[in-house]
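Peer 1: One structure, pasted below without further comment.
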Amino acid sequence: MNDWAPIAKEYDPLKAGSIDGTDEEPHDRAIWRAMLARYVPNKGVTGDPHLTLFVARLNLQTTEEKLQEVFSRYGDIRRIRLVRDLVTGFSKGYAFIEYKEERALLKAHRDANRLVIDQHEIFVDFELERTLKGWIPRRLGGGFGGKKESGQLRFGGRDRPFRKPINLPNMKNDFYGEGSAEKRNWSREGTRDWRTRDRDHERSRDKRWPERSWAWGESERERDSKEERSRGRERKDRDR
């Protein structure tokens, strides 16, 4: 835990596939592929890797001119490389932008992430291919991030940093009576108290019930007077 950090300092496919970087076994085939891969960065890529930004999730219609217009706000740009398909020439949705000064690089890294360009929210990070030790690209099962929760998620980068591991001590479950004797006795006494309270409540309600019935219905005097009137009618009927 002392050397734990939310961002990976070197790339390990097994740790990148774990939400907190503590997995010991790969949980998907892509991690196996990344662990067995031996990736060599493209030698044809030029420029200073420590002054280069990686820009992803671009609209496929976004051009180099649009990127120049947006990212030149943060400082002078030396080179923009929008990655395109070799056959069709269409954009693949990501680019690399090299600045002339580190100050401009850091400002763009801080402010341009999640910027909306051509109705797309972009993702901005430092170039990792030539700067992060052990880097494996996403096409070989590595990489960082991922948008689909049910897909190939990778952690340890800016998009999805590691979550801090939680180590919980083993605790006994008092629900099944595994706690201390004092707690168990207290719970039994509590149940007896509730039962006696319920009985007392029933008795008091029975005592109060006649009074409530008189209030809702007829009183004793009214009932007696009705009985006397009915007896008097019966006597008159007999005399007739």
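The chain as shown is numbered from 1 upward.
Keep in mind that glycine also has a Cβ here, set from the backbone N, Cα and C atoms.
OK, TrEMBL features for this one:
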- 147-162: compositional bias 'Basic and acidic residues' (COMPBIAS)
- 180-211: compositional bias 'Basic and acidic residues' (COMPBIAS)
- 218-240: compositional bias 'Basic and acidic residues' (COMPBIAS)
- 51-129: domain 'RRM' (DOMAIN)
- 147-240: region 'Disordered' (REGION)
Peer 1: Using DSSP, how many residues in the domain 'RRM' (51-129) fall into helix, strand and coil?
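Peer 2: Grouping H, G, I as helix and E, B as strand yields 19 helix, 30 strand, 30 coil.
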Peer 1: Could you give the mean pLDDT over the domain 'RRM' (51-129), rounded to a whole number?
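Peer 2: Taking every residue of the domain 'RRM' (51-129) together, the mean pLDDT is 96.
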